[in-house]
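Some features that TrEMBL has for this protein:
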- E:28-47: transmembrane segment (TRANSMEM)
- E:54-78: transmembrane segment (TRANSMEM)
- E:90-111: transmembrane segment (TRANSMEM)
- E:123-142: transmembrane segment (TRANSMEM)
- E:162-184: transmembrane segment (TRANSMEM)
- E:196-214: transmembrane segment (TRANSMEM)
- E:226-248: transmembrane segment (TRANSMEM)
- E:255-278: transmembrane segment (TRANSMEM)
- E:284-309: transmembrane segment (TRANSMEM)
Amino acid sequence: MEKHPRKLLVVITEAAIEKAVVQDARRLGAHGYTASAVRGGGLQGEREGAWEADRSVELKIVCGRDTAERIAEHLLAAYAPHYAMTVWLADVQVFRAEKF
Amino acid sequence: MEKHPRKLLVVITEAAIEKAVVQDARRLGAHGYTASAVRGGGLQGEREGAWEADRSVELKIVCGRDTAERIAEHLLAAYAPHYAMTVWLADVQVFRAEKF
Amino acid sequence: MEKHPRKLLVVITEAAIEKAVVQDARRLGAHGYTASAVRGGGLQGEREGAWEADRSVELKIVCGRDTAERIAEHLLAAYAPHYAMTVWLADVQVFRAEKF
Amino acid sequence: MTLDPVVLFFLLGVGARLARSDLRLPDALYETLSIYLLLAIGLKGGVELARQDLWSLLPVAFTAFLLSATIPLIAFPLLRGPVGLPRADAASIAAHYGSVSVVTFAVAQSVLARAGVEAPPEFAVLVAIMEAPGIVVGILLARGLSGGQGPAAGWGVLLHDALFGKAVYLLLGGLLIGALVGEAGMAPLRPLFGDLFRGALALFLLEMGLVAGGRLGDLRRAGPRLVAFGLLAPLLFGAIGLGAGLALGLGAGGVTLLATLAASASYIAAPAAMRVAVPEANPALSIGAALGVTFPFNVTIGVGLYLWLAQRLTS
Amino acid sequence: MTLDPVVLFFLLGVGARLARSDLRLPDALYETLSIYLLLAIGLKGGVELARQDLWSLLPVAFTAFLLSATIPLIAFPLLRGPVGLPRADAASIAAHYGSVSVVTFAVAQSVLARAGVEAPPEFAVLVAIMEAPGIVVGILLARGLSGGQGPAAGWGVLLHDALFGKAVYLLLGGLLIGALVGEAGMAPLRPLFGDLFRGALALFLLEMGLVAGGRLGDLRRAGPRLVAFGLLAPLLFGAIGLGAGLALGLGAGGVTLLATLAASASYIAAPAAMRVAVPEANPALSIGAALGVTFPFNVTIGVGLYLWLAQRLTS
Amino acid sequence: MTLDPVVLFFLLGVGARLARSDLRLPDALYETLSIYLLLAIGLKGGVELARQDLWSLLPVAFTAFLLSATIPLIAFPLLRGPVGLPRADAASIAAHYGSVSVVTFAVAQSVLARAGVEAPPEFAVLVAIMEAPGIVVGILLARGLSGGQGPAAGWGVLLHDALFGKAVYLLLGGLLIGALVGEAGMAPLRPLFGDLFRGALALFLLEMGLVAGGRLGDLRRAGPRLVAFGLLAPLLFGAIGLGAGLALGLGAGGVTLLATLAASASYIAAPAAMRVAVPEANPALSIGAALGVTFPFNVTIGVGLYLWLAQRLTS
Ligand SMILES: Nc1ncnc2c1ncn2[C@@H]1O[C@H](COP(=O)(O)O)[C@@H](O)[C@H]1O
Ligand SMILES: Nc1ncnc2c1ncn2[C@@H]1O[C@H](COP(=O)(O)O)[C@@H](O)[C@H]1O
Ligand SMILES: Nc1ncnc2c1ncn2[C@@H]1O[C@H](COP(=O)(O)O)[C@@H](O)[C@H]1O
Ligand code: NA
Ligand code: NA
Ligand code: NA
């Protein structure tokens with residue numbers, strides 16, 4: 001089966017802004033996303049997820065390169081200054097080009 | 001330490017078929033897998049995981065390129081037509097070649 | 001926005017040693033990490049996570065190539081002989097070079 | 001008569017979804033409550049079962065089995081013809097209505113308790129009996145005629161899952177433990193499995209309301225004919241159950257429970273089984289009808305109606 | 001007077017953190033307990049509310065509303081001036097103190113019950129009334145003057161979240177159900193939502209202790225002036241609430257509850273709302289003060305003090 | 001005498017695994033129940049402890065400490081010699097049997113309650129006392145002689161984890177709170193921490209049955225000699241505990257509890273500690289023996305046997 005190159009955008013951030021981030025990503029061209037609860041630590045200290053304000057979420061979005069960069073840049077500009085946020089991109093291959 | 005190229009196969013699908021998918025992957029050559037509970041949205045709408053029929057799982061399998069493609073093609077043929085399913089491949093490097 | 005190549009180190013291991021692994025990683029140069037609860041199966045059998053001794057954790061660490069390899073080699077030497085452990089590396093791109 | 005508070009919790013859940021509240025119950029609570037309810041219903045039924053002459057239960061058990069197997073045969077042509085669904089979808093939905101909803105059963109017990117009508121707790125065994133036959137018939141309807149091949153996952157797997165799936169296993173396990181230890185042995189467990197039952201049911205209905213409220217979008221896509229089916233099916237199948245209960249000479253409580261079981265549609269065992277056995281059926285349709293229409297109808301209106309009729313017709 | 005066991009659970013949680021114990025309560029338990037407490041408080045209040053002449057509650061409801069809206073206006077200049085915080089942080093913290101803590105309210109009910117002082121359960125409605133106004137005023141303080149643009153997320157979203165956010169929704173839902181079904185209708189739910197209340201509160205305070213104990217590091221970074229604010233604010237705002245209660249002619253129980261609400265700082269609704277509305281405020285500061293200082297102060301000393309004063313001043 | 005329903009729940013869990021049922025209890029429920037049981041046992045013991053002359057408890061406390069430290073020294077040569085295990089595995093398993101199982105203790109309390117035999121609740125303190133010594137001795141057995149280096153993780157870490165690990169911390173915390181508030185102060189917490197205890201224990205045993213049933217595969221790999229050890233060890237160590245209890249002049253209830261503690265093997269604290277301290281030991285062996293053989297033996301047969309003997313020998 002033929003494979004198509006796409007980008008995987010990974011965003012780890014505060015659960016408080018999950019809804020907003022997903023909305024923005026959809027608006028900027030993502031066809032889907034996957035979310036899961038995570039814990040972690042970084043520049044803003046430990047986030048253990050023990051209660052509401054301390055919860056983190058990891059979002060994964062597979063999409064085209066341009067879309068991925070557009071979303072990443074928007075998120076970094078809009079949220080990273082004030083929220084715990086980590087963003088990276090990776091190369092992946094998908095089989096159903098039209099889906100992503 | 002020497003690194004060996006392998007493929008990471010990521011499968012996001014309905015929890016209802018997790019067992020079947022893992023069995024198929026093992027049969028087709030996977031030596032291991034990692035599963036975690038996720039939520040998400042895609043072509044088939046939102047899957048919030050609030051109850052049985054709505055639960056999604058993310059499976060990660062690290063294996064050789066051929067095995068990965070064989071598994072991916074089988075899953076896409078056998079399950080994607082009727083189940084919420086997202087599949088991608090990525091390149092990874094492992095240290096213990098014999099394990100994967 | 002400019003992108004910078006980094007390594008993503010993924011470590012799947014027993015929850016019992018999460019704290020020690022994170023400590024070691026920080027000591028060896030990681031600036032952050034993300035943890036999530038997973039289940040899975042591999043050489044040491046199934047780990048369903050039904051109770052304390054059976055719980056697994058997936059750790060993700062984004063950092064420079066040398067740091068990633070240093071951490072991976074240390075973990076494989078220190079823990080892999082006696083603990084369920086799976087380690088791989090992948091290439092990722094980050095936007096804020098100073099963060100990782 | 002004011003509404004059972006338990007039903008108000010359901011409406012509270014639906015309302016939260018309609019109002020786009022961020023209210024969610026943790027998955028673990030949902031799972032814990034469903035395990036708890038199954039055990040509690042089983043334990044209570046088992047204590048009673050041990051007191052009964054088992055042979056005297058045979059007629060109602062057999063009737064219940066027949067009801068579960070027959071209802072899909074009635075539902076299927078209705079879903080194919082008037083509702084106009086493809087075979088797989090019609091068969092899958094028929095299976096849901098042949099099987100039963102243990103929470104609707106619990107609500108009926110609660111309604112009977114409030115009304116002061118004696119409800120035979122040993123009827124919990126009927127829930128276990130009626131879980132699987134409807135599902136099997138549904139699969140046969142989907143597969144049997146369309147080329148004769150079995151279900152996608154193999155009959156062995158499906159049969160095993162029907163018998164040892166957690167719902168039936170916990171219910172039967174509870175029945176067995178209840179029967180073995182009896183009234184006195186159960187006493188130390190009563191504060192948890194007895195006294196808290198109604199409160200736990202209320203919480204579970206809050207969650208069901210959240211889930212049902214979240215499926216209303218599916219309903220719109222499903223179209224008005226499926227919604228109509230979801231409203232008429234419980235009336236039709238409830239009437240059949242009611243008739244069967246009267247024919248068996250049950251009391252008002254027993255008649256109400258049998259009617260409720262017949263009228264109820266499964267949303268735990270059946271969705272899981274049909275997803276695996278008939279993958280080409282769209283789960284949004286069956287769950288939309290069972291959980292979005294029939295379940296709310298039964299808990300708010302249906303059960304009260306069956307009780308009202310049962311009291312009129314048995315006295 | 002020995003400490004309420006409920007408070008000892010809080011200290012047990014704090015101690016676990018200080019001793020670096022691996023004790024953690026599962027997230028799902030935390031969420032379940034907070035849903036439970038909100039519903040239980042609401043249900044109990046609702047039953048009582050239905051018995052009351054609603055008009056007679058209007059003065060205290062209006063006073064509570066005013067208190068919540070006014071307190072941030074007092075807190076803000078204190079936080080700007082003496083504490084020396086930037087505008088966004090001062091406004092955010094002010095919002096936390098304008099809003100209320102439902103668990104502190106529950107502890108006050110528990111303390112009153114132990115002391116044999118009648119506590120009007122219908123005051124639960126005040127918790128719902130006092131949740132939002134302080135938050136709105138806090139956002140205005142952060143935004144209104146600094147260029148006039150609205151909150152980062154839009155007023156519509158914030159207003160919706162305040163009204164239909166799970167805390168207020170469950171509290172109001174519980175009140176409504178309690179009022180609809182009344183004393184008799186609630187009876188079957190009492191074993192869960194009544195008898196277990198104190199025990200559940202104890203468990204929740206264990207969790208709060210763990211969370212608060214984990215924020216002590218934030219406090220050190222926040223500096224002694226914010227800690228002093230966290231200790232003086234409940235005394236100041238509690239005194240205002242006390243005065244308001246006396247002016248309204250409430251009994252000792254009512255006065256204590258109103259003082260407690262005024263003295264308490266939100267750590268559920270406010271943090272979430274301020275995170276979205278005023279992202280540039282550092283949440284470690286507001287949560288450190290509200291949860292690390294004021295909450296422990298209130299549950300260990302404050303509530304007992306308000307009660308002591310209320311008894312002296314009403315008799 | 002019929003089986004305690006609590007034990008039937010354990011068998012129900014094992015059966016679910018053998019029948020390959022999909023029944024699973026959510027992780028959060030498992031964690032919640034274990035926190036609950038520890039607190040409940042502690043609280044009950046603490047209330048009683050406050051009533052006692054603490055000096056009078058010293059002999060039994062000291063005996064319990066000695067038992068925990070001595071049992072691994074007996075187990076180790078048996079595991080090295082007859083069972084034929086490598087040093088690390090033998091030492092790790094020995095540590096499990098030196099330490100204790102709080103759930104087995106709870107089952108013994110439940111069995112005593114059913115039999116109408118007075119069980120001294122303050123013996124809960126023995127659970128805390130016996131948790132750590134066996135683990136320390138086990139680590140010494142693994143390390144001390146094989147070159148003299150300490151445990152993999154450092155003694156400081158291990159000692160801290162033994163004292164402040166959640167099991168001991170909650171138990172001691174419960175004891176302390178119970179002792180501080182006394183009978184009257186505990187009253188409002190009794191519906192949760194007292195009345196629900198047996199039901200919660202039943203649920204927890206269902207989960208333990210699921211876990212134990214899932215380890216039966218490990219057992220097959222472990223071989224018949226380890227299984228035999230798992231059956232004989234509780235008899236041997238139970239007899240030692242029984243003798244110690246008789247020598248101390250305890251009543252039938254106290255003797256039974258001490259025998260049960262000696263006979264029980266840890267499957268919470270010890271596995272975690274040994275995993276970190278002696279990584280080269282295979283956890284499948286120790287957990288297979290402790291949880292797959294000894295725990296089921298104790299809850300189904302052992303505890304009843306110790307009670308029977310205790311009654312014969314004390315009267
Ligand atoms: N280097 C890293 N590797 C993996 N995850 C990270 C890293 N740095 C931060 N994170 C995750 O991103 C969250 C927010 O990071 P920060 O904004 O740096 O506090 C943390 O809580 C971690 O979950
Ligand atoms: N573009 C995407 N990126 C990441 N995850 C996706 C994407 N599309 C779908 N998914 C995940 O895959 C599941 C099934 O997708 P679908 O079959 O498209 O509904 C969704 O519920 C998401 O969790
Ligand atoms: N090939 C694999 N692909 C993905 N995850 C794996 C793989 N092998 C092992 N794992 C994960 O790593 C854990 C430990 O592996 P092992 O040490 O091989 O038992 C397993 O429980 C899985 O969660
Ligand atoms: Na039915
Ligand atoms: Na306040
Ligand atoms: Na022992």
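Here the Cβ of each residue, glycine as well, is placed from N, Cα and C on the backbone.
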Handout entry: Any contact, the transmembrane segment (E:196-214) to the transmembrane segment (E:54-78), with at least 3 Cβ pairs under 8 A
Key = no
Exercise for the section: Establish whether the number of Cβ pairs under 8 Å between the transmembrane segment (E:54-78) and the transmembrane segment (E:162-184) reaches at least three, counting only pairs separated by 6 or more residues. Expected result: no
Completion exercise
Among E:90-111, E:123-142, E:162-184, E:226-248, E:255-278, the stretch with the most Cβ pairs under 8 Å to the transmembrane segment (E:28-47) is E:162-184
Exercise for the section: Compare E:90-111, E:226-248, E:284-309 by their Cβ pairs under 8 Å to the transmembrane segment (E:255-278) and return the stretch that comes out on top. Expected result: E:90-111
Practice task
With Cβ distances under 8 Å as the criterion, find the stretch in E:162-184, E:226-248, E:284-309 that has the most pairs with the transmembrane segment (E:90-111).
Solution key: E:284-309
Exercise for the section: Go through the chain and flag residues at least 6 beyond the ends of the transmembrane segment (E:162-184) whose CB is under 8 A from any CB in it; none is fine as an answer. Expected result: 34-35, 38-50, 102, 124-125, 127-128, 131-132, 135-136, 268-269, 272-273
